[in-house]
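Worksheet: one structure, shown below.
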Amino acid sequence: MEILRGSPALSAFRINKLLVRCKEHLLPVSDIYAEYVHFADVSTPLNNDEQAKLTRLLKYGPSLAEHEPQGHLLLVTPRPGTISPWSSKATDIAHNCGLSKVLRLERGLAFYIHAPTLNDEQWQQLGALLHDRMMESVFSDLKQAAALFSHHQPAPFKRIEILLQGRQALEEANVRLGLALAEDEIDYLLEAFNNLGRNPTDIELYMFAQANSEHCRHKIFNADWVIDGVTQPKSLFKMIKNTFEHTPDHVLSAYKDNAAVMEGSAVGRFYTDANGQYDYHQEDAHILMKVETHNHPTAISPWPGAATGSGGEIRDEGATGRGSKPKAGLVGFSVSNLRIPGFIQPWEEEFGKPDRIVSALDIMTEGPLGGAAFNNEFGRPALTGYFRTYEERVDSHNGEELRGYHKPIMLAGGIGNIRGDHVKKGEIIVGAKLIVLGGPSMNIGLGGGAASSMASGQSDADLDFASVQRDNPEMERRCQEVIDRCWQLGEANPILFIHDVGAGGLSNAMPELVSDGGRGGRFELRDILNDEPGMSPLEVWCNESQERYVLAVAPEQLAQFDEICRRERAPYAVIGEATEELHLTMNDRHFNNQPIDLPLDVLLGKTPKMLRDVERKQVEGTPLQRDDIYLAEAVERVLHLPVVAEKTFLITIGDRSVTGMVARDQMVGPWQVPVADCAVTTASLDSYYGEAMSIGERAPVALRNFAASARLAVGEALTNIAATHIGPLTRVKLSANWMAAAGHPGEDAGLYDAVKAVGEELCPALGLTIPVGKDSMSMKTRWQEEGEDRAVTSPMSLVISAFARVEDVRNTVTPQLRTGQDNALLLIDLGAGNKALGATALAQVYRQLGRKTADVHSPEQLAGFFNAIQELVAAKALLAYHDRSDGGLIVTLAEMAFAGHCGVTVDIASQGEDTLATLFNEELGAVIQIPAARRAEVDAILALHGLADCVHYLGQAEEGTRFTINQGAEAVYQESRSTLRRWWAETSWQMQRLRDNPQCADQEHIARQDDNDPGLNVSLTFDPKEDIAAPYIAKNVRPKVAVLREQGVNSHVEMAAAFHRAGFDAIDIHMSDLLANRRNLQDFQALVACGGFSYGDVLGAGEGWAKSILFNARVRDEFAEFFLRPQTLALGVCNGCQMMSNLRELIPGADLWPRFVRNKSDRFEARFSLVEVDKSPSLFMNDMAGSRMPIAVSHGEGQVEVRDDAHLAAIEEHGLVALRYINHYGQVTENYPANPNGSSNGITAVTSTSGRATVMMPHPERVFRTVSNSWHPEEWGEDGPWMRMFRNARRQLG
């Protein structure tokens, strides 16, 4: 084993945070230093050249200090017997670099700790703080890492002796294996195996438990119900299905696949033909929708829990029909109170929690990062979401009890597109090859389906932790590329049938695949890809290793499928064949036995049906006590409540521009304020049709009125999505995610009433369909503390996600107020005169619940509201729109003022004298801003839709900072907009300070309070409407551009589209094509290296990609020859920029180029940043010098690193800087967030001395269309100014 030191692993502020954690755990640690250390398992000793190559390969990240580290060593490595995702990718890079003697690379994190007084027990405590016990181990010596490369012998399966020991043997196995089997299921299995005349194997029982868990079978939603002694006519699921029976319009697939599908638009989908050339293909892009939850894993281990939640939902989308394309995501969190240190709020009492779960603060620190990281690396923008906190002692139908989200809600959902001929799955023919596509089996995520079906605290702590999966999004990206190549073949698609691998692992996915296809299956255990040979058959078959799909492929198409997988470097294994007989057989050639030999009907047959016999329980509650509520204090408190407060800390960590098809993200207007009501994407890169999604949820209301809470969730989703141009209400489709503490007194009956209110009443009345959803029925946490039983029970929580086809994405209206003309602010109040304050944000911040809550008072008025807003949107009669929701009218107005950077003066006298109720009630409705001149027209449209009595004139938006609310002649509330904005932002700021570089967080918080900030602005030195490439395109000559990607790159399609529009033939070139000599760069006039996460940023962002070129002699020469050839152009963007900066030795005139390293914030940054084009030789930026314009930024490692000040000065003196970050005043800046990575002198793009090669961190390809800019001047046409770059390239090539 070779040992090689790596780069420093933790920044100074990360070290400080670690020291603070030590102090919190009473561990007297004075100093910590951390660096990466690499371990290489080699077949034979490396020679000097190989050693030098390996040393250079493993040199990445910040420069390593010369000194030998001092202190007590704690070495954290992956768990012996496992192979980490880092190892797989680093080893791939080594092999691609010709280091064939390297069998495997692995990486550890060496902590050198100064703590002379720690005893053995404290050292163990410290070790526990530093590692994830499910995935990592701790050693005290570097040489002990040799255990990473030890090999273990496979373990055999075990039989459960029921023939001799009977029921007792099954009961013991139930507890030992964490199967969560009910009494009647134990009886069922006992009878089934007695009839078979044999003992079950452990793998068969585990497989049954996962396939029949509440998580997978949804027993409660399919149960029979008796409430208060009365048998109910329908199950919960039948009431949901009633919405489809009532309104099947526009739904193409419901309830029978991994996601639902509704009609989309006929557009030009942009992808490659059989020769790798990109072009538009006119076809239907139908819309798929799915929303999942991943609550249990997120409570145990937030980052991987949330990451695999997003990853699983993405796989659901990709595995719909015969393969489809995930497109854009949403995410949501409900947790207990944050209790931010130094920022604990008056309503946040400490109620305790069990040790096995993490705190709400930990969840919201790590969970969103995990979800965002997966979406980022996969290449899916996350565009909307919600965040609620609730934890309180309330008076309920069970007396006083604790309600909250100790078991959190982690919501992951999204939209995608699918071809019409692939919506329905194909036929699995007998003899079809049964395939696992994706990563290897690892001993993680065992029993997730069963574990998530139990109330937290019922299962064993080790089983809880074992049930959390770990993520590898770059692997999932590779698998999706395979699926994309398959569906793009149309009728020749080799995929007959596909499912994702989720809860229960292959033990659930493979039986589901063959059963759904009307077949059985015959499998070979040892053909499953396996990174841990020591696993038992149960562990191989049932683990929930992520990023896997199961497929059926016809034997005659296997060679084609193999070719696609090899090109994309996506691992796969043929593990069996489909059989005529409905039977599962698994052979194990290592032990020459059969761990599984089971009829499918035993596994998936008619297991006992559940009966829920429950009672309704209700409590009236006490009215809100208002004596101690003062308006000024109430406003500040409500603006601090997370459900109301700014959520920038949750948003800028997620890529919101990838695909180039994002028309409306969360950030609104020139000041990029996160207040958008819905997310909108374009259906393609050549149209204005699109898709929209929004969220609605009002969970605390269920503590008083279950049905009202459900109705409000539907209503809020509608008032949110109404902001874009949809058309008829029947175009909107809903996903319903139901969370409840089943078995908790009163909750079951309340759940039934809520489902009935939505499925049988409201949705049919509105013509709405719920074709997809999910339930999580174990939302209760139990534990013991100080000798007494404790429990925190979640409110019944319905999260509604609304999805719709969009007629014209350009008509989407935002909350940004306009002040350039006479205007009017109108409140459309759907409260029908009600101003209930029960279960509002106001009640929560004063630790009350109240009595009466908001509700949907008239489905007809709600439908009229939606239709009226749609008419106004289509007529372009609205200047701004924002729904009324959490926090009430005052929050709606404040957020609109924040987005417009203006003042507001309103009069609420027309709504009665109860100021508090008027401002803080959360009845459905919206505030619209209209031109004063169109008031009569707008009033007429509202009246036509039955809303005349709902409309109140409030006042107007105006220049300045004053926020004034009058009650007739009296000003009842006055405050500056900047003060309100500061209060609203403080929760996000405090979370950023805890999680990221506090210096950056402070700079952003200060910047928000600048009343004079002019916002994003544009000053161009050219006309973006001028097509300077047109004369060259007219010659009918299209130069070829190699659109270069490596595994993990995710921005190549929009890049190809930009070059295609500029007159190039864009050709898809995978690095595997060059390494295998299938393609050669001599055939191209231009090359573009695209953005993403090549190799998951293993060995440094872009560095592994670069070294696979530099260390492969033939490919190195090919690149060198291309760069030397005159009349060629090369562009590197984001990951491609990082990669090309490491190829500078091959690029003439690039020897001064810097490296790009970790952002100063130490966080992935997704921003819409203002840049200025510098005068430079760059041929891409020709005639653009002096222009200022915003551009999409999405990266974690974009900070320019130079050797010293002289190096920086040389770059400047040679005029190689092509782009710089500037602030809104037009000044070059290093301040965050105007400069999102902290680069010196604002540098974000450099060029070679000839100008033929340019590298840049921002993404021009994602904003070449005006419509994909988060904000833009209204006069821009189809093309945004960044299109000029690509047309410049076309002009240069003549």
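From the backbone N, Cα and C atoms, a Cβ is placed for every residue, glycine too.
Feature annotations, reproduced from Swiss-Prot:
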- 303-325: region 'Disordered' (REGION)
- 305-316, 384-386, Ala676, Ser885: ATP binding site (BINDING)
- Asp677, Glu716, Asn720, Asp883: Mg(2+) binding site (BINDING)
- 1041-1294: domain 'Glutamine amidotransferase type-1' (DOMAIN)
- Cys1134: active site, nucleophile (ACT_SITE)
- His1259: active site (ACT_SITE)
- Glu1261: active site (ACT_SITE)
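Nearest Cα neighbour of Asp677 (Mg(2+) binding site) among the listed recorded positions (Gly311, Ile314, Thr384, Cys1134, His1259): Thr384. Here the region 'Disordered' (303-325) has Cβ contacts under 8 Å with residues 253, 257-259, 261, 288, 290-294, 296-297, 331, 366-371, 373-375, 378, 380, 382, 410, 412-419, 422-426, 445, 468-471, 473, 476, 479-480, 483-484, 486-487, 493, 495-502, 546-547, 549 of the same chain, all six or more residues outside its ends. For the recorded positions Asp677, Glu716, Asp883, Glu1261, the largest tally of other C-beta atoms within 10 A is found at Glu1261. The subset of recorded positions (Glu716, Asn720, Cys1134, His1259, Glu1261) lying with their Cα within 10 Å of the Cα of Ala676 (ATP binding site) consists of Asn720, given in sequence order. Taking a C-beta cut-off of under 8 Å and a sequence gap of six or more, the residue listed as 'active site, nucleophile' has these contacts in its own chain: Ser1051, Cys1090, Gly1091, Gly1092, Ser1194, His1195, Gly1198, Met1256, Met1257, Pro1258, His1259. In this structure, of the binding-site residues Ile314, Ala676, the smallest number of CB atoms within 10 A of the CB marks Ala676. According to DSSP, the region 'Disordered' (303-325) comprises 16 helix, 1 strand, 6 coil. DSSP assigns Cys1134 (active site, nucleophile) to coil in the three-state reduction, placing it in neither a helix nor a strand. Along the domain 'Glutamine amidotransferase type-1' (1041-1294), the predicted structure has mean pLDDT 97. Secondary structure at His1259 (active site), as computed by DSSP, is strand. The two recorded residues, Gly305 (ATP binding site) and Glu716 (Mg(2+) binding site), show a Cα separation of 28 Å. In this structure the alpha carbons, written CA, of Asn720 (Mg(2+) binding site) and Glu1261 (active site) are 29 Å apart.
Each residue contributes its Cα atom, and for Gly311 (ATP binding site) and Glu1261 (active site) these two points are 25 Å apart.
If you measure from the Cα atom of Glu716 (Mg(2+) binding site) to that of Thr384 (ATP binding site), you get 14 Å. The DSSP secondary structure for Thr384 (ATP binding site) is strand. The Cβ of Thr384 (ATP binding site) lies under 8 Å from the Cβ of Leu330, Gln666, Ala676, Cys678, Ala679, Met693, Ser694, Ile695, each of these being in the same chain and 6 or more residues away along the sequence. Counting in whole angstrom, Glu1261 (active site) lies 33 from Asp883 (Mg(2+) binding site) by their C-alpha atoms. Least crowded of the binding-site residues (Thr308, Asn720), judged by neighbouring Cβ atoms within 10 Å of its own Cβ: Asn720. Within 10 Å of the C-beta of Gly305 (ATP binding site) there are 28 other C-beta atoms, taking all protein chains into account.
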